[in-house]
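TrEMBL annotations:
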type	residues	note
BINDING	E94, D115, L117	Mg(2+) 1 binding site
BINDING	D115, D118, E284	Mg(2+) 2 binding site
BINDING	D118, G119, S120, S121, N212, Y245, K278	substrate binding site
COMPBIAS	9-21	compositional bias 'Polar residues'
DOMAIN	7-198	domain 'Fructose-1-6-bisphosphatase class I N-terminal'
DOMAIN	202-336	domain 'Fructose-1-6-bisphosphatase class 1 C-terminal'
REGION	1-21	region 'Disordered'
Amino acid sequence: MPKRKGITVSRQIMDSQQTHPEATGELTGLLSELIVAAKIISAEVNMAGLAGILGQSGKTNVQGEEVQKLDDFANRTLKRRMEQCGYVCIMGSEEDDGVIPVLDGYEGKYTLAFDPLDGSSNIDVNVSIGTIFSVHRRKSEGKQGEMSDLLQKGSEQVAAGYIIYGSSTVLVYTTGHGDGVHGFTLDPSVGEFFLSHPDITIPEKAKYYSVNEAYSRYWHDDTTAYIDKLKDMDEQGERSYSLRYIGSLVADFHRNLIQGGVFLYPRDKKSTDKPDGKLRLLYEAAPLAMIAEEAGGMAITDDGRRILDIEPKDLHQRVALVIGSRDEVALAEEYFKKG
Ligand code: AHG
Ligand code: MN
Ligand code: MN
């Protein structure tokens, strides 16, 4: 069915459910509950300066990072809505050390991993932040789900997406299998997401590269060689690149998805405590990789492996990420596979 700009996200999810005769409506239900949580978080983000919810919560999360009050709010909102929606059996969050069970009697057939609020350093300064989510079908057969249900490869995701709280609030999601990537903009006056970006395809050639260049002295030689190559191509007039780096993965990714770009968070020589880079596989890299591939782009590690093929071993596992336009990630692959 052709996508019509302006249809609501609920209508779009139901339409696409109808193209899958085996669908039971549970994924539709799950996504609808997530969308309600996103609207609540969006409203709070917009009011944050007035509601006294900026700043740090005083807590430190499992990864040793300061938890902001809004991180905490987003995490609690998502957990509270999803633990009793009846569609998930277990959850994992950046802000919780272990797995998050659902309420007794509400176990469903999916799992949910999420980064409640991505881009913490931008929360207090009105720069775009977002929520990232990843959905898998459960494997275990008990009542509650298990850790192993969450530790599945990205290629097995049944849905993935993010909500960006920026100049407007935009939801981008995919259910894979050629169903496409679609973007919806929240009209806050009526509290509804309307289709604004049907069938998103990422430009094949990048306009931007996005990397924290302040760390360049710690980069491995392959990373340096690749970025030098991009700059050289620019100098030779083959391409015309600009650097854009917000420091919110979700915002950097969204810009590159719409306008064409490659985002890198490579390993570096300095981080002995983070030998695999900073970003997390299950609720940052894998869901965005699913969107990138479904939109015609690519996502690999800085040693040339496809993100979606990585077998997770840990809920909070980190992974180096190179993601975005096909031509630029394919070029990165040539550099990184050599290493
Ligand atoms: P989070 O706020 O969920 O902890 O994630 C922050 C991440 C990501 O959004 C961003 O790309 C990256 O941190 C920026 O890190 P640097 O400041 O090291 O560049
Ligand atoms: Mn994050
Ligand atoms: Mn976060």
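Including glycine, each Cβ sits where the backbone N, Cα and C put it.
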Applying the rule Cβ within 8 Å of the centroid of the Cβ atoms of D118, G119, S120, S121, N212, Y245, K278, what extra residues of the same chain belong around the substrate site?
N122, I246, G247, S248, L249
Report, as numbers and ranges, which residues of the same chain sit near the region 'Disordered' (1-21): CB under 8 Å and 6 or more residues beyond its ends.
27-28, 31-32, 35, 171, 175, 179-180, 182, 184, 192-196, 198-199
So of all those binding-site residues, D115, L117, S121, Y245, K278, which one's Cα sits nearest to E284 (Mg(2+) 2 binding site)?
D115
Which binding-site residues from the set E94, D115, L117, D118, G119, K278 have a C-beta atom lying less than 6 Å away from ligand 3?
E94, D115, L117, D118
CB-centroid shell, 8 A cutoff, Mg(2+) 1 site E94, D115, L117, site residues removed
D71, A74, N75, S93, E95, F114, P116, D118, S120, T131, I132, Y283, E284
Cβ under 6 Å from ligand 1: which of the binding-site residues D115, D118, E284 qualify?
D115, D118
Give the subset of the binding-site residues D115, D118, S120, S121, N212, E284 lying near ligand 2, defined as CB under 6 A from any of its atoms.
D115, D118, E284
Between the two most separated Cα atoms in D118, G119, S120, S121, N212, Y245, K278, the residues recorded as binding substrate, what distance in Å do you get?
16
E94 (Mg(2+) 1 binding site) to D118 (Mg(2+) 2 binding site) - Cα separation in whole Å
9
Taking the Cβ of each of the binding-site residues and counting other Cβ atoms inside 10 Å, which one has the highest number: S120, S121, N212?
S120
Other than D115, D118, E284, which residues of the chain come within 8 Å of the Mg(2+) 2 site, judged by Cβ distance to the Cβ centroid of those residues?
E94, F114, G119, G130, T131, I132, Y162, L249, V250, L279, R280, Y283
Filter the binding-site residues N212, Y245, K278 down to those whose C-alpha lies within 10 angstroms of the C-alpha of L117 (Mg(2+) 1 binding site); answer none if the list is empty.
none
Please work out which residue of E94, D118 has the most C-beta neighbours within 10 angstroms of its C-beta, and give that one of the binding-site residues.
D118
Grab the pLDDT values for the domain 'Fructose-1-6-bisphosphatase class I N-terminal' (7-198) and give me their mean, rounded.
93
According to DSSP, does S120 (substrate binding site) sit in a helix, a strand, or coil?
helix
